[in-house]
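Enquirer: Right, I'll just put the structure down here and ask away after.
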Amino acid sequence: MASTFTATSSLGSLLAPNAIKLSSATSISSSSFGRRHNVCVRRSRPAIVCAAKELHFNKDGTTIRKLQTGVNKLADLVGVTLGPKGRNVVLESKYGSPRIVNDGVTVAREVELEDPVENIGAKLVRQAAAKTNDLAGDGTTTSVVLAQGFIAEGVKVVAAGANPVLITRGIEKTAKALVNELKLMSKEVEDSELADVAAVSAGNNHEVGSMIAEAMSKVGRKGVVTLEEGKSAENNLYVVEGMQFDRGYISPYFVTDSEKMSVEYDNCKLLLVDKKVTNARDLVGVLEDAIRGGYPILIIAEDIEQEALATLVVNKLRGTLKIAALKAPGFGERKSQYLDDIAILTGATVIREEVGLSLDKAGKEVLGNASKVVLTKEMTTIVGDGTTQEAVNKRVVQIRNLIEQAEQDYEKEKLNERIAKLSGGVAVIQVGAQTETELKEKKLRVEDALNATKAAVEEGIVVGGGCTLLRLASKVDAIKDTLENDEEKVGAEIVKRALSYPLKLIAKNAGVNGSVVSEKVLANDNVKFGYNAATGKYEDLMAAGIIDPTKVVRCCLEHAASVAKTFLMSDCVVVEIPEPEPVPAGNPMDNSGYGY
């Protein structure tokens, strides 16, 4: 304790000069202080400089044409990736090697056009891809192509003198009615069809489809499947049982298996402390209970200081106690949330002084139970005993609600991570490739496939290959009869014509005439009949495994219609005038030309 007081007194001496300076500051005269104050006030009003804006009015239709040019440039670029025979897009990277991608939303995010009005058009239609990606995780290219179709057909009729307000109202009502029709066409996905859904989304890669289906079968349809970048050229799948996080044991002296350098305990008790453990005396009651009960105990705390840690290690080495300790995962508020999650999984109570719980008075009632704990130098896995499943399910629902409210992607990612850890079984797919460029492209495809499979589980499946959207076009005539206004009916007709765009583009990318393909498909009354672009055959697409998740098709339709409505209602564009680049000043020390 003497050293502590010494440190404190020396700290006081270090602070003394500052104190003198502060007291001398008070001796400044009121007049000089006033002058200083006035100067400060003047400085606190920075000059406000507003960038000039350029206004583009749509008097002769040029503004809308420019916006549409931006839409078409983005849609044509993204469109080359659509379908089983779609090609890749190479993206330049300022740092590192170029990226080769087949993912619509990734391509769309990279596009910045030189003309500011065209760029706004591209940004408008990019929203359809981004929103579809956020909600369904796939179908981004289809959203862009469908939005292009709505806009192209809509611009024609608006240019001919139709009222854009009534036109967009007709598009909105028709899209809403078609979503209801889509639900009637949908069917629940069978386990055997999950692989087909994933394979179609991964560009007809059946190996990826089978792996995702296997992962789903191991952890259940509502289980958690995550992706990692693998170290080899092959794809791998493994399942992590229990809650796993990136924190290892504090001291290697806790190790029970010297070959693996790991700590393994069965039927282990857990003590959770949301503060630093500074004194070993605070742990005496809990440790004596563990010795009497003969059970192993795992301590998870913010930190364990040297004195307390030494006591734990000595008792472990003597064989008196089966014990291990680690620092709580996460930092700040997230650390407390992780501790609460562990408490719910194991049935423990977190020791927190703010809720009236102190460590020195803790007994058996605050301890949690785990059927198994495994600690390595860098990782800890806790497998619950299954008695707290109801509480875990409630916690997962709470976290899902937080995800819906979260605005930042990073926050959503961390919340999804917590759900994955709580769910008790996480399937991990390691994506392998020969090069880094191939790995990034492959990972995007597998991510799309995984998202499509999850979407299929949520809302069911429909026939793929763009055929469902084409079949929905035949439902538009009945919807038109429910619309009272003639111009709203024109809006419905716009939707009808645009619904064929995705199928035509899939056919075009496969080297076939899209109009001929759509006519042949519509000539057959069987709703499952369509064009298989991968094989070039007309067949029963459901039997051939060409399947789309209903949720993906619904999101494509809704978001494309929403973007088209915004576009067609626009009549003026405001853009910033870029500031001229400053002319570099000459070097005042440059004496060249003066004979030196």
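Every residue, even glycine, has its Cβ placed from backbone N, Cα and C.
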Enquirer: Scan SER423, SER474 for the residue that Swiss-Prot records as phosphoserine.
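Expert: Checked Swiss-Prot: the phosphoserine annotation sits on SER474.
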Enquirer: Just to be sure I understand the packing, how many Cβ atoms besides its own are within 10 Å of the Cβ of SER474 (phosphoserine)?
Expert: 14
Enquirer: Within the coiled coil (388-489), what mean pLDDT does the predicted structure show?
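Expert: Taking every residue in the coiled coil (388-489) and averaging pLDDT yields 87.
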Enquirer: Cα-Cα separation of SER97 (phosphoserine) and SER474 (phosphoserine), in Å?
Expert: 47
Enquirer: With every protein chain in view, how many other Cβ atoms are within 10 Å of the Cβ of SER97 (phosphoserine)?
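Expert: If we count other Cβ atoms within 10 Å of SER97 (phosphoserine), we arrive at 11.
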Enquirer: When DSSP is mapped onto helix/strand/coil, what comes out for SER474 (phosphoserine)?
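Expert: DSSP assigns SER474 (phosphoserine) to coil.
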